[in-house]
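S.K.: A single structure is presented below for examination.
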Amino acid sequence: MFKNQLKIAWRSIKKQPFLNALNTFGLAIGIAGTLIICLFIYDELSYDQMFLDSERIHRINVDAKFGGPGREMSQVSAPMAGAILNDIPQVEEVIRFRPWGTTSLNKIDSRELVLEDNATWVDTNVVSMFGLKMLYGDPLKALEQPNSMILTKSAVEKHFEPSSAIGRELIVNEGQTFTITGVIEDLPQNSFLAEYSVFMSLMGFQDAFQNEWGNHNYNTFIKLKHNADAADIAAPLQGMMERYLIPYAQQFFPGITLKEFEAAGNYVNYSSMKLTDLHLHSHRAEDMGRNGDINNIYILSFIALFLILLASINFMNLSTAYSLKRAKEIGIRKTLGSNKKGIIRQFLMESGLITFGSLIIGLAMAWIALPFFNDLAEKAISIPYSSPVFWLVLFAAAILLALCSGSYPAFFMSKFRPARVLKGSGETSLGGAKLRSGLVIFQFAISVFLIIGTLVVGEQLQFIQNKDLGYSKDQVLLINNLNRLNNQAGSFKEEVKQLSQVADATLSEFVPTPSSRTDSSFFLEGKTDQESAVNMQGWRVDYDYMNTLDLKLVSGRDFDPSIATDSTAMIINESATKVLGLSPEEVLGKRVANGLGEDALSYYTVIGVVKNFHFESMRNVVRPLSLRISNSLGYMAVKLKSGNFEETVSKIQGIWDSRSPGLSFDYRFMDDSFNEVYENERRLGKIFIIFTSLSIFIACLGLFGLAAFNAHKRIKEIGVRKVLGASVGQITYRLSVDFLKLVGIAILIALPIGWFAMNRWLQDFTYRIEIGVGIFLASALLAILIAMLTVSYQSIKAAIVNPVKSLRTE
Amino acid sequence: MLLQLKNIFKWVNSGGQRIFLLKDINLNVHEGEFISVMGPSGSGKSTLLNVIGMLDAFDEGEYQFLDESVHDLREKNRANLYKEYIGFVFQSYHLLDDLTVKENLEMPLLYKKVKGPERKAMVADMLDRFNIVGKKDLFPAQLSGGQQQLVGIARALISSPKLILADEPTGNLNSKQGEEIMELFKQLNQEGVTIIQVTHSEKNAAYGSRTINLLDGRMV
């Protein structure tokens, strides 16, 4: 019986190649798209789950405001970890990381570069606490000694046999010598440690053992005891503030109490965040991993749902529409004694077959598309062929899909009454037309919504790209690791400046694109209360800084090497001026100190106010900032004149190589570095475009099929109209206009929803576009145009048919 | 002379063989004639009617309609020609199911871009003439076969054609309804409308002034 049904199902599928090809293709695309998105989401959700007791590990966060705007940090002070372990009984273990950025390891004798990668200082218990897999070395004691370090397998294996790596000594950053005391398995892609391959023992890092509560530099993790609840430690965690931070602050503000501190509008709030939540929920400065965004997960989940829904709707729509052609078959089956159940089973069998075929094609499509997607999303996702769970879920989903999309047509058709459908050539009035229209509206509403999303994301990115940043990032070369040149850096800069293609150059570890940042409190001279403190960036720059980056002055003047006192001069930005409560003119000549009264370390005279420039993402407001002259080695920014950049870069590299043979010349252009800040948005934008196109395509497939069916159904009417004098244009219009009405309704539904949703997305940006009429108009026009193109093919095809053919009376 | 067919051939190629649908048809039709075309099934009656109605092309020969050489005309001009001068009546009426009687009558006028008030007047006139004013808001499904064919003829007549082409207009009707329709044709013919009808029935053919017999695409 089953075999017979299968055979018949296959035959009837073959009988309508156009319909079933559309169905299969649409479903396959839907399945492929949804599959890729699901794999992506699964990967994003799996972050840091692999670590030992990951559900018990939490990170300590701090939100602090002390003069200037508040900051959300992922790092706390060095003594915090010890204090927590000591004071909070629910905590079993603590660990601190002190990320050290790109670090070079060289062999002692040959000075050959072994590795240049992200390194972090870490407490001794890193292997045991996170359950890292130690390949060689003692997991418990490896980091006990100062100047010991653990490397990942792939970090060492290029130069040594991993088993023989233990005990080898390497020079770190051209300075101290470290001994390799352990080799661990590479860290999984989906972990917060993925980007680190060098773990140096904090035992030799003096700063880690100072009782300094004022700096926040350590990513601190705690492991709770079994049965302990994160909520239980919230209060004692916040208690640290009064217990340690206030006494510390009293060194600077004698007698200050917690109340006074808070009364001035300041706060320090400690909290904990689950390790497994970090990847998607933490957007804090100095996060260790490259984090994703839970909002993207939501958006993508919706898109995945849309895709599969659209494909499924197509299936229902097309199947019911074409069922008219099969009404006779059903009538005959019924007169031959088949009951409703049998007919339903027959149609479900067909939809099952089609879904199965789509599944195979969809899997193949996903397999082909994944490398491209990985490239785009910077992921290493693969289809888990070997996982039985994957196949189980996939087949369960396919069966569900087949049932969902097949059941409506099946029940719909099983209701045909044989007497009516067998009466002859007369058209059976076909039910479900309203539902079909509703589904088309739904499909296009989703498509229009996605178009709006794509356009808004695109326009915002464009806006960011074109916004006046307050500095010039074009034609600026950023050379990294200037600190390696040490005292040669200055002469290197001078030599580069001599090049005819170079306009100017400046040395600093601080640039507007991602680089070093340092926050500290400054006080206006004569004001000793903590209220007039301004928390601002203190960037150390040289005399060419303003000119190279094309920063604009609002008042005052630039640093001048011929004025001796400029070594203690300061230029602040507009935001800082505002926090100080002075106008750009008033602030000139005022002195500020980083410290109070006798503790003041040094005084700086404000000589100028620089126009606010964006040194952080447009998500944030421009915070207070100060520039002062000081030796600071990190980057060299080189402003190039127009011309052959490649040639200039190679000339500069020549100068670099002549000074420091063996040191790699690491450079990039500033606008690339700028673009990276918005990489997440850019990726989102691209992903949006891809899946929007997919969903529109699927919706169009459905519309195409429906238009074909509609034209077929109205073939007699078209013939009559033509005989009575209708032109091809008029017929085409008649056939298309009904569909366009549906698309019009869809647009009306989608516009307000799109406006609402995308406005919410934009709220994340402090600097953002207004969603204008233009976007709505463009989305509507695009949808109409696409629908028109889709429908018109079938309409024109029907309209040019010779009426003699359609009006024959047989 | 209204129209003239000279040595008309029409064929299809099937399996390497040329099958003739019309073979060397020569026919002159004068204004005011009422011609009946007869012949067994497959003899080419409908094909001939379609060629005369310019709905179908022919492969060889010449066709003059009111001094226009139809065989030299472009598709669009041909359409304009039959829109202007020819009305069609079908065996299965071919009324549009979704339109009322009034709207069905109005349709050819819409395609001829007749202005609103004038259109209304013409429709009212036609409803009156065929005595179906009371049925103007009904849909075709609510009418009997005879009534539907009445509407079909009214629709064919509304743009005052010179020629009515009727393909078995009584084929789906009972004898009484059929007789009424034939009487109507006779009356129209007396008013000056040229009519060419295809029919199987000798009785209906007798209404005409002349009968053409076809066999295997050839006039006999």
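If you go along the chain as it appears here, the first residue is 1 and each next one adds 1.
The backbone N, Cα and C atoms fix where each Cβ goes, glycine too.
TrEMBL entries are annotated by machine, without manual review.
The domain 'PAS' annotation in TrEMBL covers A:572-590. Annotation source TrEMBL lists transmembrane segment at A:21-42, A:297-318, A:347-370, A:390-414, A:435-457, A:687-709, A:739-757, A:769-791.
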S.K.: Near the transmembrane segment (A:435-457), which same-chain residues lie under 8 Å Cβ to Cβ, leaving out any that are not at least 6 residues past its ends?
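M.R.: 299, 303, 306, 309-310, 313-314, 316-317, 320-321, 681, 684-685, 688-689, 691-692, 695-696, 698-699, 702-703, 706, 739, 742-743, 745-747, 749-751, 753-755, 757-758, 761-762, 769, 771, 775-776, 778-780, 782-783, 786-787.
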S.K.: So, do the transmembrane segment (A:390-414) and the transmembrane segment (A:347-370) meet, by the test of 3 or more Cβ pairs under 8 Å (sequence gap 6 or more)?
M.R.: yes
S.K.: How about the transmembrane segment (A:769-791) and the transmembrane segment (A:687-709): at least 3 CB pairs under 8 Å, pairs 6 or more apart in sequence, or not?
M.R.: yes
S.K.: Are there at least 3 C-beta pairs under 8 angstroms linking the transmembrane segment (A:687-709) and the transmembrane segment (A:297-318), leaving out pairs fewer than 6 apart in sequence?
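M.R.: These two stretches do touch.
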S.K.: So which residues does the transmembrane segment (A:687-709) touch in its own chain, when a touch means Cβ under 8 Å and the partner is 6 or more beyond its ends?
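M.R.: For the transmembrane segment (A:687-709), the sequence-distant neighbours (Cβ-Cβ under 8 Å, at least 6 residues beyond its ends) are 18-19, 22-23, 25-26, 29-30, 33, 37, 300, 303, 306-307, 310-311, 313-314, 317-318, 321-322, 376-377, 436, 440, 443-444, 446-447, 450-451, 453-454, 457-458, 735-736, 739, 786-787, 790-791, 793-795.
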S.K.: Same-chain Cβ contacts of the transmembrane segment (A:739-757) under 8 Å, 6 or more residues past its ends?
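M.R.: Sequence-remote neighbours of the transmembrane segment (A:739-757) are 437, 440-449, 452-453, 456, 703, 706-707, 710, 771, 776, 779-780, 783-784, 787-788, 791.
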S.K.: Looking only at the domain 'PAS' (A:572-590), how are its residues distributed among DSSP helix, strand and coil?
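M.R.: Grouping H, G, I as helix and E, B as strand yields 7 helix, 2 strand, 10 coil.
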